[in-house]
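What TrEMBL says about this one:
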{"type": "TRANSMEM", "residues": "B:32-51", "note": "transmembrane segment"}
{"type": "TRANSMEM", "residues": "B:63-83", "note": "transmembrane segment"}
{"type": "TRANSMEM", "residues": "B:89-109", "note": "transmembrane segment"}
{"type": "TRANSMEM", "residues": "B:121-143", "note": "transmembrane segment"}
{"type": "TRANSMEM", "residues": "B:149-170", "note": "transmembrane segment"}
{"type": "TRANSMEM", "residues": "B:191-214", "note": "transmembrane segment"}
{"type": "TRANSMEM", "residues": "B:243-263", "note": "transmembrane segment"}
{"type": "TRANSMEM", "residues": "B:284-312", "note": "transmembrane segment"}
{"type": "TRANSMEM", "residues": "B:324-344", "note": "transmembrane segment"}
Amino acid sequence: MSTPTLALEPLLSCRGLVKSFGHVIGLNGADLDLYPGEVLAVVGDNGAGKSTLIKCVAGALIPDTGEITLNGERREFKRTQDARLQGIETVFQTLAVSPALDIASNLYLGRELRKPGVIGKVFRMLDKKRMRTEASQHLQDLGIGTVQSITQTVETLSGGQRQAVAVARAAVFGSKLIILDEPTAALGVRESARVLQLIKDLRDRGMPVILISHNMPQVFEVADRIHVQRLGRRAAVVTPQTHTMNDVVAIMTGAMSVDEKDQALGPVRSAN
Amino acid sequence: MSDPASGTMDLAGEFLGRRTPMQRIQVTLHRYPYLSPLIVLVVALVIFALINPKFILPGNLSFITQQTVVIGTLAIAQTLIILTAGIDLSIGAIMVFGQMVMANLALTAASNATNFGLPPWLAITIGICASILAGAINGFLIVKLSLPPFIVTLGTLSVFTALTLILFKARTIQGPEMPDLLKVMGVAIKIGSFQLMVGVIVMLVLFAVFTYVLRMTSWGTHIYAVGDDPQAAELSGISTKRVLFSVYVVAGFITGIGAWIYIGRTGAASPNADPSINLDTITAVVIGGTSLFGGRGTLIGSLLGAFIVVVVENGLALAGLDQAYRVLAIGILVIAAVALDQWIRKVRA
């Protein structure tokens with residue numbers, strides 16, 4: 001199957017990213033392209049540089065060299081806040097939630113809502129009520145509102161519920177792009193299905209998603225294109241239609257290489 | 001490629017659904033960390049009142065509030081710092097430094113070498129600024145050089161103590177030498193036979209203000225987040241360094257106010273004032289249910305903790321027990337409080 005070429009510029013593009021940690025090389029000239037409205041899965045063996053790659057995009061790491069462009073404009077993210085201001089939201093593998101704070105506070109952590117008027121401006125008073133009602137509304141909208149109370153502290157939640165809070169935070173605030181690093185790793189079957197449905201819903205709303213996962217069936221279920229990372233670089237980009245799970249595993253391990261013309265380097269999905 | 005840990009959530013839900021009475025206590029204390037110090041304080045008050053009726057006379061209660069005022073004020077600063085998983089061992093030294101700056105600058109006696117004779121309000125302002133600067137130095141060393149707060153403040157404890165002695169020649173400045181404004185915190189307002197010190201009112205106002213700040217502002221939320229899990233806070237877009245630095249600066253400010261209160265409370269400014277104040281504030285905060293590991297605790301707990309420290313000392317003294325027993329009791333309370341905290345933290349599902 002030949003890839004249909006659409007006249008689309010990538011929303012996000014990384015070129016030649018290098019990131020080393022002392023003697024360990026995390027990224028060795030990695031490229032990445034994300035086109036509008038698509039779900040891009042990033043797969044690879046442990047240590048292939050998946051998390052390092054998306055951490056560079058999310059602003060959690062600063063690449064040594066290489067460039068990141070968003071909508072054609074070059075961006076340098078010094079911290080996660082920079083990426084967030086550009087509409088890039090990330091669910092990190094560690095979730096980055098604060099256990100002692102309640103669900104609503106976590107959802108709005110770093111961008112709390114203040115009361116209108118003098119009370120908010122001068123006395124910096126938080127609008128806790130609004131944050132709580134909106135947080136519980138968001139959780140329900142996303143179909144992951146299985147928590148008893150929005151004022152529960154996150155440390156009293158199960159692993160799956162914590163994940164739901166982190167995913168909800170990204171889904172609520174992401175305006176350009178949402179990155180999910182192993183979002184289903186700690187989840188049960190039912191919660192995993194919900195997260196996958198959420199990814200599809202996001203895509204249907206036109207929101208591009210980068211999904212990092214080890215779970216091949218899940219990747220093949222939701223991904224438009226599959227970016228295979230190997231030894232700190234992009235080994236190939238394929239689609240679930242052109243390649244099988246075994247092919248992808250073979251590319252991951254280096255047992256198979258794909259000719260560039262057989263890859264899906266361009267967009268396969270028309271954004272509308 | 002398999003789905004790991006499937007069904008984790010259901011197991012946790014079942015576990016949370018069925019609680020034994022002990023677990024219920026654990027969860028309640030987890031939710032309201034100031035409950036345990038409140039119970040301890042009430043029990044202590046009742047017992048001491050039964051042992052010696054003099055204990056609850058207005059005169060003694062006034063005395064207890066006066067004894068608490070400095071520990072209580074500094075405990076606010078200490079709480080903010082401990083909430084970020086830090087600790088300030090230099091807080092007493094900063095307070096002494098601040099009060100010596102105030103007293104010496106305001107000094108009018110012509111015989112003195114360090115006689116500046118500044119207007120009292122200016123002397124107080126500069127004294128508070130000196131405390132803020134000292135806090136900022138702690139914050140700078142902790143944030144910029146990434147040194148552990150314990151080590152930094154252990155060092156600055158000596159540095160600030162020495163600085164005070166070098167600059168102010170170990171001379172105690174007596175009350176009559178100082179202008180009244182410096183001693184205003186010690187003025188007592190009579191309510192019946194109960195005497196309310198101005199400094200106590202200031203302390204309570206500070207508690208109210210910082211309780212509001214911790215509970216109702218972004219900065220307060222960020223203090224908890226940074227103490228709880230600094231990596232998570234940073235990834236959530238909080239500048240942990242800025243939060244940490246600001247906490248030490250604000251702690252310096254509160255300590256400066258504490259220095260002013262201390263002058264009023266003792267009626268003098270001594271460079272050798274109360275060496276136990278460092279540990280007393282930490283004791284108050286820990287007994288008050290604030291976790292030394294950061295991210296959990298309340299100011300109201302620390303206020304109760306400060307009162308517990310003083311009430312136990314005072315009550316045991318009135319019960320006729322030797323000083324050694326009072327120290328013993330405080331020590332046991334601290335260990336019990338930390339053990340309780342460890343147990344409460346296990347509530348995490």
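The backbone N, Cα and C atoms fix where each Cβ goes, and this holds for glycine too.
If you look at the transmembrane segment (B:284-312) against the transmembrane segment (B:121-143), you find fewer than three C-beta pairs under 8 angstroms, all six or more positions apart, and that falls short of contact.
For the transmembrane segment (B:243-263), the list of distant contacts is 69-70, 73-74, 76-78, 80-81, 83-84, 86, 88, 91, 94-99, 102-103, 124, 127-136, 138-140, 142-143, 178, 182-183, 185-186, 199, 202-203, 206, 210, 219, 222-223, 226, 233, 269, 273: same-chain residues at least six beyond its ends, Cβ to Cβ under 8 Å. The highest tally of CB pairs under 8 A with the transmembrane segment (B:149-170), across B:63-83, B:89-109, B:191-214, B:324-344, is held by B:89-109.
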